[in-house]
Amino acid sequence: MRFKYISFIILISFSLLVWFSHLSNFTCTSSANLPICMPQYVFHFKDDTPTSKVLFSTVKEFFSLLSFFTLDFNWGIDLSELQDRYNQSNLINIFHPSNTYYVNAFGYCKHQAQDEKLNHYCIDNTNGLNIISVLIRDLGFQFGVLSETNVKITGDSFWIIYQTLINSFNKFLEDDKRGNTLLKMITPNDPNEMEQWKTRLWLINIYDAVNVVLKWTVVANCILASLCLMLLLFWMWMQIEHKKTQSPIKQLNWNINSICSITRCLSICNATITFIYILHILLLTFMINCFRYKRLQIIHASLGTGAWFHIARFFVELIFAVLCFKWMTPHSAMSASVMSETQSTAVEDEEEKDTEDNYSALNPASGTTAVDGFLLTV
């Protein structure tokens with residue numbers, strides 16, 4: 001019985017450890033308002049490759065123009081402060097090399113060293129680990145800061161505009177006649193441009209869909225961990241109640257067997273989902289770093305503390321699943337063994353009683369002679 005209580009404590013400890021580890025998924029958000037951030041991956045822009053130098057110089061001028069446009073049409077700004085707001089530190093700078101993004105499943109945090117007024121902030125992101133969503137929402141956030149409007153609304157609006165443009169472009173390319181006419185005007189020497197654009201948009205749509213699905217797998221993983229903990233507590237309570245009341249095991253066989261089977265399946269599902277999520281983070285980091293084409297690399301990404309936390313939790317979930325399969329055994333086998341032990345004990349008690357009767361019948365010290373014993377047996 002002592003071993004059974006120790007197994008209860010170990011299973012509960014592992015289940016609580018798995019459950020509490022899921023709290024790291026809800027950091028790096030503005031709604032949670034937590035002092036820590038445990039990102040799945042961290043990225044920043046590079047300025048030491050030929051591609052990044054050309055791209056960022058062009059993008060910087062474009063965003064500076066948009067920033068000036070936003071400031072000029074903001075009627076709430078005092079004209080005496082307009083010159084100070086033209087300072088480069090107040091302009092949109094999402095592609096600055098000193099910016100560092102900490103991306104998590106439900107939000108991201110940004111650290112920008114060149115901005116003294118707002119060098120760190122966190123934003124909710126409902127699109128999971130989608131790096132495109134992070135950049136577009138951050139662009140909307142900075143437009144909201146410049147125009148002194150609600151930054152969350154502007155971030156969401158920019159993302160909606162992006163999705164609308166992608167959907168419209170998809171519908172446009174589905175019409176081969178109109179799509180070919182436009183692309184021939186832009187690139188008359190490339191007859192395969194139509195198919196290339198379709199492939200690019202298809203990859204973008206797949207990328208968005210995969211990130212949304214993986215975000216919901218994180219939610220499902222949290223729910224499964226909670227169910228595992230509740231079923232484990234219920235299973236332990238049923239075992240203790242059975243020990244106290246000494247009720248027949250057959251009455252509890254079906255319930256206990258069902259709990260054992262469900263908990264086993266949930267533990268395996270938890271470990272499998274976590275493993276798939278880790279593979280996605282590793283693949284995403286590999287794709288962002290663009291290891292194959294170093295000259296085209298404009299972003300450098302690395303695993304964050306949340307990713308390492310996921311890897312550690314995967315091994316904990318794996319051990320928990322093994323312990324569930326080892327200790328949460330169905331009660332049919334246990335009841336059969338208990339019944340066999342009870343029957344063998346009853347047979348041994350009966351044989352011992354017969355031996356004592358024969359011994360007392362043949363023992364002179366008991367006051368009974370052998371003749372009396374013979375007459376008693378007859």
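Note: Cβ is positioned from N, Cα and C throughout, glycine not excepted.
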Practice task
State whether, in Swiss-Prot, Trp327 is on the same side of the membrane as Asn289.
Solution key: no
Handout entry: Spatial neighbours of the transmembrane segment (218-238) far in sequence, C-beta under 8 Å, 6+ residues away
Key = 8, 11-12, 15-16, 18-19, 22, 25, 105, 128, 252, 255-256, 259-260, 262-263, 266-267, 269-270, 273-274, 277, 320, 328
Practice task
State the residues, same chain only, that lie 6 or more residues beyond the ends of the transmembrane segment (268-288) and have a CB under 8 A from a CB inside it; answer 'none' if no residue qualifies.
Solution key: 18, 40-41, 43, 129, 131, 210, 214, 217-218, 220-221, 224-225, 228, 299-303, 307, 310-311, 313-314, 317-318, 320-321
